[in-house]
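Undergrad: A single structure is presented below for examination.
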Amino acid sequence: DVGVATSSRDKTVRFWTQHPEKKREYVLSKTLVGHSSFVGPMVWAPPSDRFPEGAIVSGGMDTLVLLWNLHTGEVVGTMKGHTSQVTGLAIDDNGDIISSSMDCTLRRWRDGNAVEVWEAHKVAVQTVLKLPSGELFTGSSDSTIKLWKGRTCLHTFSGHADTVRCLAQMPGMGILSASHDGTIKLWALTGQPLLEMIGHTSLVYSVDAHSSGLIASGSEDRSVKIWKDGICVQSIEHPGCIWDAKFLDNGDVVTACSDGVVRIWTTDNNRFCSDEELATYTDIISQYTLTRKTVGGLKLMDLPGVEALQVQGNNDGQTLIVREGDNGVAYSWNSKELKWDKIGEVVDGPGDAAQGQVYDGAHYDFVFNVDIGDGEPIRKLPYNRSDDPYAVADKWLLKENLPLTYRQQVVEFILQNSGQSNFVPDPSFRDPYTGGNAYVPGEPSSSNGSAPKQTFKHIPKNGMLLFETAQFEGILKKITVFSATLASDSVILKLISVSHTFIYILKDLF
């Protein structure tokens, strides 16, 4: 029997099994509840004396690694140690669990205890891969892949221009990597790049390979692409971004979409969905596309239907645009003949995008629809090209009460969707924490030209520091967290807000 495990932002892991009679259908077998926040990576532990039906290991934004008994659906192991979101999991041949995290570390767990901890990259580790042949790989926000033997890095693979989000084995050839730069790469185990697959129009979140040689990739651009010999042979549209795509042994592809639905795709026409189900899915895609389509700078779904043509115009030559199917059609009122004359179909012109949009009474170049997923309402993210995307991301995350660890991902989303891939931070801005042009949590700073001498080592400090320009809301939030963390260490921390200046006093530290 085939089983599929899924994880979600609803804080659960769900295990699905084939219907005992209808083999093309899957039914929910277990719902595993134990994480206190979003659940991300999972890995399968094969059947053993302890777990005759196998086990599942999951990692979450709550920083925990949980081991689940698949037979009982209960947590039988809780591994604590990471200080940030768990991003990747692997099982070693001896049963050890290896986890990666946004805290830049790898941890090796044995019988629930961390037996090894090391900094794998200087910035967030996004994924970890263990090959059957023994090699261990990590991918990071620093855009590199590293090959490890124990805690020693044997080789660094460089070639991506952005975060390496996912790694997968390519049987008989090497490894695959999916990146926020929109590409998938195939690498030899020696680090030599063998192939680059270009076709996605946004961040690529996942990649997987099948023994047949086919490759599947999932992206923010709402498509799963199937690749053969480096060529995209099929693109499957979804009603949302694709968080993950995996092959089953039989060649079927399982996709996890931000609309909260898991779908299985097959080339076996004996297991296709019914015509009614296929028609329903086509309808969903059509409606999703329709809600986002614009004509002449107007949102198609906001246009009146053809019934509006039954109402007479007010004056000769009055123009009315109505929705006809998936198109906007313009009509002009003919006062002599008392009828609407069709002018033609309305299409977006090259200047329409520059007209901007209105949000909360203000005009913006862009108002992005951000799909948080799992039934959450669509969030609005306004942005002007002249804005600092980092400042916009900070303000929006605080407003929406979302984790500040999403900062770089929000910035990348803004730059990708506003066509500012060559964005350079304002060289006149200096972050008070790092002295760099933009503050990226957990990442070393860089600046254009000659950067001033770094002055971020302020502790211990007598007196006060004055920040005239900074991200004050973020500083306040960090200081509040800092205060709570150190409260038990007899640290006196006072925060005073004076106009646009924050003064903090630290005494008796260390």
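Any Cβ shown, glycine's included, is placed from N, Cα and C.
What TrEMBL shows for this protein is this:
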DOMAIN    332-428  domain 'PFU'
REPEAT    32-78  repeat 'WD'
REPEAT    79-109  repeat 'WD'
REPEAT    118-149  repeat 'WD'
REPEAT    157-197  repeat 'WD'
REPEAT    197-228  repeat 'WD'
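On this model, are these features tucked inside or out on the surface, and what's nearby?
TA: If you average pLDDT over the domain 'PFU' (332-428) in this model, you get 74.
Listed by sequence, the residues of this chain that lie at least six past the ends of the repeat 'WD' (79-109) yet keep a Cβ under 8 A from its Cβ atoms are 38, 40-45, 48, 57-61, 63-67, 115-130, 134, 136, 138, 148, 405, 442.
Below 8 angstroms of C-beta separation, residues 41, 84, 87-93, 98-106, 155-158, 160-169, 175, 177, 179, 181, 187, 189, 191, 408, 440, 442-444 of the same chain, each at least six residues beyond the ends of the repeat 'WD' (118-149), sit close to that stretch.
The helix, strand and coil residue counts that DSSP assigns across the repeat 'WD' (157-197) are 0 helix, 25 strand, 16 coil.
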Undergrad: Sort the residues of the repeat 'WD' (79-109) into helix, strand and coil with DSSP and give the three counts.
TA: 0 helix, 17 strand, 14 coil
